Amino acid sequence: MQEVISYIQKAVLEISNALKFPDTSYSQNQNFTGDTQLKFDVLSDEIITKTLSQCSSIKAIISEEKDEILTLNEKAKLIVAYDPLDGSSLMDVNFAIGSIFAIYEEKASAKKLRAALYSMYGARLELVICKEQPKLYRLNANNEFIFIKDLKINEKGKINATGGTQKFWEEKHAKFIKSLFDEGYRLRYSGAMVSDINQILLKGGGIFSYPATQDAPNGKLRAFFEVFPLAFIIEKAGGKTTNGKNHSLLELEFDKIHATTPCFFGSKYEISKLLKAYNE
């Protein structure tokens, strides 16, 4: 496991260096789910593929930017699924973006998720690594990731990060969001899931939501690359997650590697309030 994490650190550092002078234009290609790829999406995916291919502990890799699973070593046990550059559409406005990684054992399944990581490419390069407790690391002047602190979520937060086009929201979701604002919650939504989840973790609580909508009844966020790893981190930090029905996103099972799901992450208070609103 530690060997895999060390190779992920190498990939993250290389992506961070490449971001100093990036090409923010679009390519002529689309990924599996129909998103037009930025040239830097492709480059980030190539960097991660190249780096992880050198690790003998990895059985296979699954990328948001690839159609199929890429087998590396049949004798190994660990599978790495990743979003090479979450929030890449925000590159042209210079918002913070990141990479998300899930490490599964034997098969890609929430029940087999053993560790999760994400990087933040912002004013600083930071990395959150979670096996049992999410731990925040920061790159220092010597190009070393230094431990900063454990991350924990309070019972109740103040941040409301909600995605999806509002005119396509279900009425129950619109009412729930309004109830949060009526309680004094602050809107904090960037358009990059990893950045919004990171803020909730570092600020100690709140809620991130990307609901089912009329134009995306199964949600838009991908289970294996985005939803499962970030749900793993949130729950290990003391928070809760749900799809609006289940009591944890990590209870969900999917057959397709690019499957999507509605998803909600946050403090216990907000998720309990959401489940009540959704199931009245």
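Numbering starts at 1 and runs along the chain as it is shown here.
Positions of Cβ are set from backbone N, Cα and C atoms, glycine also.
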Starting from the Mg(2+) 1 binding annotation in Swiss-Prot that includes Asp83, Leu85, which of Glu46, Glu64, Glu105, Glu106 is the extra site residue?
Glu64
Need a hand: Swiss-Prot gives Asp83, Asp86 for Mg(2+) 2, which of Glu183, Glu226, Glu235 is also on that list?
Glu226
Can you name every residue in this chain, apart from Glu64, Asp83, Leu85, with its Cβ inside 8 Å of the center of the Cβ atoms of the recorded Mg(2+) 1 site?
Asp41, Ser44, Asp45, Ser63, Glu65, Tyr82, Pro84, Asp86, Ser88, Ser99, Ile100, Phe225, Glu226
Below 8 Å Cβ to Cβ and six or more residues apart, same chain only. Which residues does that give for Gly87 (substrate binding site)?
Phe95, Ala96, Ile97, Gly98, Ser190, Gly191, Ala192, Met193, Val194, Ser195
Measuring CB to CB from Lys220 (substrate binding site), give everything in the same chain under 8 Å that is also at least six residues away in sequence.
Gly163, Gly164, Tyr210, Thr260
If we check Cα distances from Asp83 (Mg(2+) 1 binding site), which of the binding-site residues Ser89, Tyr189, Glu226 wins as closest?
Glu226
Additional residues surrounding Mg(2+) 2, by Cβ distance to the Asp83, Asp86, Glu226 centre under 8 Å
Glu64, Tyr82, Gly87, Gly98, Ser99, Ile100, Met193, Val194, Leu221, Arg222, Phe225
Counting across all protein chains present, how many other Cβ atoms fall within 10 Å of the Cβ of Asp83 (Mg(2+) 1 binding site)?
29
